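Q: Quick one: this structure, given as structure tokens, is what I'll be asking you about.
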Amino acid sequence: MYPAHLLVLLAVCVSLLGASAISNRPRNLVQFSELIQCVNKGKRATYHYMDYGCYCGKGGSGTPVDALDRCCKTHDDCYGQAEKKGCFPLLSLYNFACFPGAPQCGKGNTCQRFVCACDLKAALCFAKSPYNNNNYNIDIKKKCQTLIYMRLQTQ
């Protein structure tokens with residue numbers, strides 16, 4: 001085999017090894033979870049926020065059901081602003097320090113700092129908002145409709 005062929009083969013193998021290490025779960029969500037735990041000092045598991053109200057979790061619609069759900073809508077809106085700036089919030093990895101009572105975002109590029117700020121603001125909002133067990137795993141088709149959609153259904 002020629003040396004050039006060996007180099008190409010080596011490059012392909014290295015590329016495949018690197019691709020196999022990529023997680024299919026957005027890594028930023030792991031950091032967001034760690035930030036939530038830092039702020040709430042482990043008092044509530046992160047998964048409690050994944051299916052809460054109309055906005056905590058994937059997507060969101062309608063009117064937030066309470067203050068905690070408004071935190072999630074604000075977080076979604078913040079990620080929307082990050083996307084408008086050309087950032088990919090679910091893939092943006094950032095550094096933060098978990099100082100008691102005052103977690104701080106670390107240095108990084110514009111997107112990393114912006115996304116960290118979104119996550120930090122949401123984590124702080126979660127910590128100060130009451131958690132209503134009745135708003136966990138609600139029927140979003142019934143409780144999270146927009147007013148226009150609800151009016152069309154009643155006509």
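Each residue, glycine too, has its Cβ placed from N, Cα and C.
In case it helps, Swiss-Prot gives these features for our protein:
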SIGNAL    1-21  signal peptide
DISULFID  Cys38-Cys98  disulfide bond
DISULFID  Cys54-Cys144  disulfide bond
BINDING   Tyr55, Gly57, Gly59, Asp76  Ca(2+) binding site
DISULFID  Cys56-Cys72  disulfide bond
DISULFID  Cys71-Cys125  disulfide bond
ACT_SITE  His75  active site
DISULFID  Cys78-Cys118  disulfide bond
DISULFID  Cys87-Cys111  disulfide bond
DISULFID  Cys105-Cys116  disulfide bond
ACT_SITE  Asp119  active site
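Walk me through the surroundings of each of these features.
A: Sequence-distant neighbours of Cys98 (disulfide bond) (same chain, six or more apart, CB under 8 Å from its CB) are Glu34, Leu35, Cys38, listed in sequence order. A coil conformation is recorded for Cys98 (disulfide bond) in the three-state DSSP classification, outside any helix or strand.
The number of other CB atoms found within 10 A of the CB of Cys144 (disulfide bond), across every protein chain shown, is 20.
Cβ neighbour count for Gly59 (Ca(2+) binding site): 9 (other Cβ atoms within 10 Å of its Cβ, all protein chains included).
Long-range Cβ contacts of Cys56 (disulfide bond) within its own chain (separation 6+, distance under 8 Å): Tyr49, Met50, Leu68, Asp69, Cys71, Cys72.
Classification of His75 (active site) by DSSP places it within a helix. The Cβ of His75 (active site) lies under 8 Å from the Cβ of Tyr55, Cys118, Asp119, Lys121, Ala122, Cys125, each on the same chain and at least six residues away in sequence.
Its own atom aside, the Cβ of Cys78 (disulfide bond) has 18 Cβ atoms within 10 angstroms in the protein chains shown.
Around Cys87 (disulfide bond), a 10 Å sphere centred on its CB holds 20 further CB atoms from the protein chains shown.
Shown in sequence order, Leu35, Tyr94, Asn95, Phe96, Cys105, Gly106, Gly108 are the residues of the chain, 6+ apart in sequence, with a C-beta less than 8 angstroms from the C-beta of Cys116 (disulfide bond). Look at Cys116 (disulfide bond): DSSP puts it in a helix.
All protein chains shown were included, and the count of other CB atoms within 10 Å of the CB of Asp119 (active site) stands at 28.
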Q: Across all chains shown, how many C-beta atoms besides its own are within 10 angstroms of the C-beta of Cys72 (disulfide bond)?
A: 23
Q: Would you identify the secondary structure of Cys56 (disulfide bond) according to DSSP, in three states?
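A: Looking at the DSSP assignment, Cys56 (disulfide bond) belongs to a strand.
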Q: Rounded to a whole angstrom, what is the C-alpha distance between Cys111 (disulfide bond) and Cys78 (disulfide bond)?
A: 12
Q: Within 8 Å of the centroid of the Cβ atoms of Tyr55, Gly57, Gly59, Asp76, which other residues of that chain place their own Cβ, given that this set defines the recorded Ca(2+) site?
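A: These residues sit around the Ca(2+) site: Cys54, Cys56, Lys58, Gly60, Cys72, Lys73.
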